[in-house]
Each structure stands twice: as structure tokens, then as C-alpha cells.
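A.B. asks: Dropping the structure in here first, questions after.
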Amino acid sequence: MHEYSVDVENNKVIFYLSIVSIFISSVLTMIINLWIEKIPYIEITISITTISIFGILYSLFDKFIWKWKILHKLGIIKIPNLNGKWKGNFQSSYHDFKENLPVILIIEQSWSKICIKGKFNHSKSSSDTASIKVNLGKEIMLHYSYYNDKKPEYYKMGTSNHRGYANLEINGNSMEGNYFNDPSNNKNWGKLNLKKVIES
């Protein structure tokens, strides 16, 4: 996975995690030392560092806690959870937009990183960079660049491995938009329409 940018302020989350870490480390240090004092012939003091607690909390938040729906409903977390399998179809300028071809997007996302993998009829792709925009009104936009790896048996069709860019509008469990391939390798562009079929 790679990092992605968002148009929302994330510093508050780091601040809250820091405050909670200070509180937890202080309480744990006090409890452990009170327990040690009751043990005969042992005269040591244990200190639980704030940074170690912060590291644990951040890891849990980054992978799991940020997905909690209650945090999204309360507006604490504004980054949408796009994790899952998105299935649909695409139309390409290569076929003059006359065919609906199958496409699957697999999105793996944490609070700080994301990976968008595409499976098409003749190729597969993987994202290089990505950004999510939520402050556009009601709509949510996903922008990402990708590298498309074409199956060797289809090289003779006149297209090859290439880079590209996708702009997708997200509405609940639906996603639609356009993709544009690097014109130096592949001048085609197309339209995508997908729905989430598996949530992870």
C-alpha cells in the first residue's frame, strides 16, 4: 500500500491520540508501581513511556479503529472507508464505447495508506498515488494514478503496458467516473461504473 492525500484535517486525531496516550501511560505506571510496592524485598519503579502507548494506539487506530461507523456518524472521522470489492463494467474508446466490459476493483485501505487494484478483461492495474476529496458538498471523489499490466497474449492488439489516471465519484456503495491512459503509450480512455459487492 502507499500513502494517499485527503482534504480534511488529520492533526486533531494525532492530538487526541497523544492525550489518551499520556493518560493511559500515567495510569498504567501508577497501577503497576502500586502493585510492585506490595511485593516484599522488591524496590524498583516501572515507567510506561507515552511514546510506546502512542505507537500501539496509532497502529490500532490506523488499521481498525478508524473504520468504526460510530466515529463516522459523529463526524470525528471524515475519510470514507472504501475497503472491499467493487464490481461493474467499463466502456472504452478502443471499442468506440459500444461494449460493456467487466471490471473489478479491489481496494485495501487503512487510515494512512491505500492500494487500488483493477482487474480487466485483458489486463490488471495497481495504483501508484491516490487522493480522496470529501469537502466538495455531497459528493466524494477518488483520484488515483495507476500502472496497467497487459497480458502478453494481447500485445498484438496494438496496446501495451501503460500508466493512467482515474477520477471516480463515490455515492454510498456506488462508484462511477472516467479513466485516461498515458497518450504516449495508449491514447484510449473510458468510463467506469461499479458497485461494492464485498465489504472488508
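Each Cβ is built from the backbone N, Cα and C atoms, and glycine gets one as well.
Dumping what TrEMBL says about this protein:
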- 11-67: domain 'Cap1-like TM helices' (DOMAIN)
- 78-196: domain 'CD-NTase-associated protein 15' (DOMAIN)
- 13-36: transmembrane segment (TRANSMEM)
- 42-61: transmembrane segment (TRANSMEM)
A.B. asks: Under an 8 Å Cβ to Cβ limit, what residues of the same chain, 6 or more beyond the ends of the transmembrane segment (13-36), are close to it?
C.D. replies: 42, 44-54, 57-58, 61, 76-77, 111
A.B. asks: Could you tell me the mean pLDDT over the domain 'CD-NTase-associated protein 15' (78-196), as a whole number?
C.D. replies: 89
